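Visitor: These came from TrEMBL, pasted as-is:
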type	residues	note
SIGNAL	1-28	signal peptide
DOMAIN	69-205	domain 'C1q'
């Protein structure tokens, strides 16, 4: 066991105990007396000061002591690598599907459904680029959070063979929220090769 690390600040005393588990992962116990900002210790120990510990991926006790994994990282990036026409499922749900995953840390992006499900509450960053090919009409793409549109992007230039509807946003996302892309207007006839959809956890809250 690593010796306890004490963090002192105005009006607060924190006691952090670092535990090394058999799997090699490092966890932290955090005991707080009053409100302070989150504190990150050197190494792999993350101490989060929370007056209302919740089930966001950590283990809590009745004493308000929270235990969270320091390596809980979340990120994904998916791409469309083929130019197949929209399937019957695509035409019914209007969900924009992807067929390759470049990054899926934590395995929270379901490639078959092309839906990201948040493992914990936090601030997340999302971005997308949906390419329309040989399509002389305007498309509108929505970023959906639990079936509600959050942001949109448009592509409607009549004189180019490829054009992308692109956008990005920071979102407060609750645990088990679902985030995906939906074609709100137009069609993707000709395919949407080279389209991408990415996201990652900026920090938990």
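Cβ atoms are placed via backbone N, Cα and C, with glycine included.
Quick one: where do these features end up spatially?
Guide: As a summary of secondary structure, the domain 'C1q' (69-205) carries 6 helix, 74 strand, 57 coil according to DSSP.
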Visitor: Across the domain 'C1q' (69-205), what is the average pLDDT of the model, as a whole number?
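Guide: PLDDT averaged over the stretch: 89.
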